[in-house]
Structures are given as C-alpha cells and as structure tokens.
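In what follows, a structure is listed as structure tokens, so that the remarks can point back to it.
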Amino acid sequence: MIRRPIYDFAAVFRHLTSPLSTSSRFLFYSSSEHEARKPIVSNPKSPIGSPTRVQKLIASQSDPLLAKEIFDYASQQPNFRHSRSSHLILILKLGRGRYFNLIDDVLAKHRSSGYPLTGEIFTYLIKVYAEAKLPEKVLSTFYKMLEFNFTPQPKHLNRILDVLVSHRGYLQKAFELFKSSRLHGVMPNTRSYNLLMQAFCLNDDLSIAYQLFGKMLERDVVPDVDSYKILIQGFCRKGQVNGAMELLDDMLNKGFVPDRLSYTTLLNSLCRKTQLREAYKLLCRMKLKGCNPDLVHYNTMILGFCREDRAMDARKVLDDMLSNGCSPNSVSYRTLIGGLCDQGMFDEGKKYLEEMISKGFSPHFSVSNCLVKGFCSFGKVEEACDVVEVVMKNGETLHSDTWEMVIPLICNEDESEKIKLFLEDAVKEEITGDTRIVDVGIGLGSYLSSKLQMKRKNARERRRHL
C-alpha cells in the first residue's frame, strides 16, 4: 500500500506569504477596468496570505488530492475565505481525477462560506460529469440545484438534455426531465425542443418529434431554422417527402431561409422517389429564396436524371451550373458521361470527356472504358481510338479491359497475340486492373500510340476513296 506523504502546509504557506519586497507585502492589483491599478490588500490577520495566492497554489497542483488538502488547510485558518474561483478550480480537478465523492464536500464548504450559489458552479459540475460519461450524475445535478434552492436556467436544462440524449437508454429520462422542468420553474426554450426532436427522429420516433413541434407553437416557443431542418430530415428519412415539402413551404411562408443541408436532403429524397420534376423546380426555386444552389445540389440533380435515363435533362443541369457561376467537378462529368453512355449517346459522352480533360480533371478509367466499349459495339473504331489517344496523351490510366478491346483493332494477329501475353504478365505483376501501359513496358506505350495514329490515318484515307 502506497502511503501519501505528509506535507508541512504551514511551511508551504510561510514560503508562499514571504514578502515580495519590504514595502509591498500582500499587494495585488484588481483586473476590473474601473478599479485599474487599485491595490487589493489581503487581510493582514490571515497567516497564509491572500485568497489569490492560495488559488494559484491549488491551480498549480497536478494531484487533485493534494489540491484538496491545501484547500482544506486554508479553510481552517482564521480570517481566511477562499475565492469563488478556488472552488471552481478544485471541482474541475476532483472531477477530472474521478474523485466525485469529494465534490459534495467542496459544495458544502462553498455554501457555508457565505458565497451565493451561482449557475457557474453547477455548469462546472455538469461539465465534469459529462466528461466522465456519467449521465446519472449529470441528471442528479438538476435536482442538486433545487436542493441548494437554486432555480436551474434553460442553459443548464439544455446541457443536461444534450448529455442524456447522447447516451443510449437515456432518451426517456431526458423526456421526463423536459416535461417536469416547467413544474420547477424552468421554461424550455427552442434549443430544448430541438434537442429532443433530433433525438426522437434519430430513434425512429418521428410522431413524437412532430408532436413536440406542435407543442412549441402552442406554448409560444418560436421554432428556428434548426427546428424545421430536424423535422425535414426526419420526414425524408422515413420516405415521407411530401410531408417534408409541406414543412419547407411553412418555413418559407414564415420568413425563414432554409439552409443548404435542408435543400440537399429534400433534393435527394425527391430524386430517390423519382419526383424529378418537383426536384428540378425546387432547384430553380432555391435561388429565388436566397440560397444559391451549390455543387452538391447540382450533382444530386444530375445523378437523379441519369438514374432515370434522362441524360439530356442532366446535360441541361450541367449547363445551368455554368450559367449560374458554379463550376462542375469530376463527379459532375463522370455521372453525366455514364448517363449518356447508358442511353447510347457515345458521341455526346466523348465531347464531355474532352471538355472534362480540357478543364484539368482526370477521368476515372471506367469513363474511358465505357466510351470505348460503346464505340466498339457499334463498329466505330476510329472514335474508340480517339478516346484512347486523348486519355493517353493526358497521362491517364486505361483499364486492362479497355486495352483488350482496342489492341485487336489496331494490330495484326501476331502483334495482338504478343501484346496480349505481355499485358497478362504485366497485370499479374502489378496485381491491378488499371495498370498504365507506359508504366510496365519500355516503349510499348509509344508503340501503341503510333499504331492508333496509323489506324486513324488509314480510316480517313479509306473514307476519302469511297
């Protein structure tokens, strides 16, 4: 068993209270602006010096128990009264050291010292119990306030609710506290309702969350943007997109400006429900209501149209992006090209591939593979070779499947067989299907590039002679 050392606190405090100079013993300065540079003199009858010095000594201790012993020793001295900050510092130290049984003793001393109990000390209590992940202790702090004849403030209620709903199994206790808080003189505010609505939505209890929203209005608690956003997300999560749209209309009619996340949630839900007309109308409506669509909103709409084989409508969305000053990214182009290929519009897809590369984006190998496969299926060898050449010139990756389609088109039978064997070895060596030819064989990339150019030249000459 390890024994704690016995400290000579009298010696410690004699050192602590040694004169700073022959003429400035116990001299400190207040920090308030109206008393700037006005000296504060500790009680000269106190043998251990000023409360400020004791506070600093307590704060400097890494051992919470030693800090508590210093606190207790100072408390026993005649004519000494701890500062309020000393109590707060000690509560934090004891809480973080998990000496929770000693905290009540500090509270009792704080009360007996004549200090009025303020919300700050209970805020500290909630903080230490929350950090220790002790929801029961957090909940008990509410009743501890009442025990000390202190009426909790809405911020205390909200912090307690926030902690409780973040722990599995404590939602019902949070709800009971919420319902009883009015009986104790604590009026829940918008934040209180939002915390519980969010928790019930995540717990798949949308009906309770919506009832809470109704109670807000009955009790003249004004909802905010977050209140609507929470419910919109809850309705969309349950697939009730029409209910979510009604909330949006109510929100707009009351003068609220929905945030971007609310619009993103609605657009996603409308697209998944294949209500593309409504989704596009919402996209156009955003700008009129003070929220310019961003990249996420446009990409959501492009994906929605492409999923329903409406690539030309998706192309219109891309054009809208540009006209509204929002630049497409690689996801925008990749989604659109994929949608065009799915509908057999390979020439259109090739144009957007070239535009994509010209803007500095690197096409995923699936994009070039989709285009090459499509052109080859229609016997458009030159167009397929064009795609390969454009991608290679940009130093991008081609999938091995793409090469297997292209090589027979540009090489004779003997060359094709040799290159095919080489590719098989290369893919085995690299253990990947997207290996670049230029990385696995000296000169092979240049060789195939020259073959592509020759193939295209021959195709042009044949067309000229027809």
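Each residue's number is its place along the chain shown, starting with 1.
Just so you know, glycine gets a Cβ as well, placed from its N, Cα and C.
What Swiss-Prot records for this protein:
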| type | residues | note |
| --- | --- | --- |
| TRANSIT | 1-34 | transit peptide |
| REPEAT | 118-152 | repeat 'PPR 1' |
| REPEAT | 153-188 | repeat 'PPR 2' |
| REPEAT | 189-223 | repeat 'PPR 3' |
| REPEAT | 224-258 | repeat 'PPR 4' |
| REPEAT | 259-293 | repeat 'PPR 5' |
| REPEAT | 294-328 | repeat 'PPR 6' |
| REPEAT | 329-363 | repeat 'PPR 7' |
| REPEAT | 364-398 | repeat 'PPR 8' |
DSSP says what for the repeat 'PPR 5' (259-293): how many helix, strand, coil residues?
26 helix, 0 strand, 9 coil
For the repeat 'PPR 2' (153-188), what's the model's average pLDDT?
96
DSSP-derived helix, strand and coil totals, residue by residue, for the repeat 'PPR 7' (329-363):
26 helix, 0 strand, 9 coil
So which residues does the repeat 'PPR 3' (189-223) touch in its own chain, when a touch means Cβ under 8 Å and the partner is 6 or more beyond its ends?
154, 157-158, 161-162, 165, 171, 174-175, 178, 181, 230-231, 233-235, 237-238, 240
Number of helical, extended and coil residues in the repeat 'PPR 2' (153-188), per DSSP:
26 helix, 0 strand, 10 coil
Residue counts in helix (H, G, I), strand (E, B) and coil for the repeat 'PPR 1' (118-152), per DSSP?
26 helix, 0 strand, 9 coil
